[in-house]
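Enquirer: Pulled these features from Swiss-Prot for this protein:
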{"type": "BINDING", "residues": "His78, His237, Asp241", "note": "Zn(2+) binding site"}
{"type": "ACT_SITE", "residues": "His264", "note": "active site, proton donor"}
Amino acid sequence: MIKQRTLKNIIRATGVGLHSGEKVYLTLKPAPVNTGIVFCRADLDPVVQIPARAENVGDTTLSTTLVNGDVKVDTVEHLLSAMAGLGIDNAYVELSASEVPIMDGSAGPFVFLIQSAGLEEQDAPKKFIRILREVTVEEGGKRATFVPFEGFKVSFEIDFDHPVFRDRTQSASVDFSSTSFVKEVSRARTFGFMSDIEYLRKHNLALGGSVENAIVVDKDGVLNEDGLRYEDEFVKHKILDAIGDLYLLGNSLIGEFRGFKSGHALNNRLLRTLIEQKDAWEVVTFEDASTAPISYMRPVAAV
């Protein structure tokens, strides 16, 4: 049986919020079977919980924000991408502020944290959402699509009219049955344009952003001294974002996601459209792991 997974131990980290610039304390904790990923605002009394579900997404300006009434948690996508990539079904994410820390702008530090905590299999079958037919949403020349696929695959194309992008790969397709999320996707950092940063800061956004946690691009090129981690790091980060956004379905996917210039808003619209179309998907479990189209690495031992 492919079983659900949680963390073996509690683990903590500290960072800053990309948009708020505030110091944030993050604690990842094990959670019981069928809990899902639940964000907890531990700085509030009483603590407010927000399950990581598509219907709880509020704002999608520059990042994905979860809301419960007037309480929010910003920038959840990189941590959720790490949870998805390592197959974590159940966990509590405690935060001391309204934003997940940006760390280095990728999912890499979260992968390290989760691996350090260790993974534990639970005595319940892991649930997958299998895509049964194509579902597409489009808006303003952008497109996001689910298609049936026996495995999990993410294909993405970006289209930036800028010298830095023109010379680089702007499309990528990653089949996770043969490609490692940890090696090929998790370290891709978020990116931004120098020309946008002043505007964002005037609107109290990107206050914590720097070359320490993002690829910064100006008219001449990449400003980061160490350059890029992958030749196609820009489009790989869009794949990383999409994996995090897709995990708001609450289960791992069996299917392919195709994005063309898609972002957090359109990704969420695709999830909501899929959920409404009950004939487009089904929930499946696997009593025999050898019959599953997706193989997850064995639980990682605590370091």
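Using N, Cα and C of the backbone, Cβ positions are placed for all residues, glycine too.
Each of these features: where is it, how hidden is it, and who are its neighbours?
Expert: Of all the Cβ atoms in the protein chains shown, 25 others lie within 10 Å of the Cβ of Asp241 (Zn(2+) binding site).
Cβ environment of His264 (active site, proton donor): Thr60, Leu62, Ser63, Thr64, Glu77, Asp241, Asp245 lie under 8 Å away, each six or more residues apart in the same chain. According to DSSP, His264 (active site, proton donor) is assigned to a helical segment.
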Enquirer: Are there any residues at least 6 positions away along the chain from His237 (Zn(2+) binding site) with a Cβ closer than 8 Å to its Cβ? List them or say none.
Expert: Ser106, Ala188, Arg189, Thr190, Phe191
Enquirer: Looking at Cβ-Cβ distances, which residues of the chain lie under 8 angstroms from His78 (Zn(2+) binding site) while being 6 or more apart from it?
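Expert: Those within reach of His78 (Zn(2+) binding site), by Cβ under 8 Å and sequence separation of 6 or more, are Val100, Ile102, Met103, Gly105, Ser106, Ala107, Phe110, Thr190, Leu240, Asp241, Gly244.
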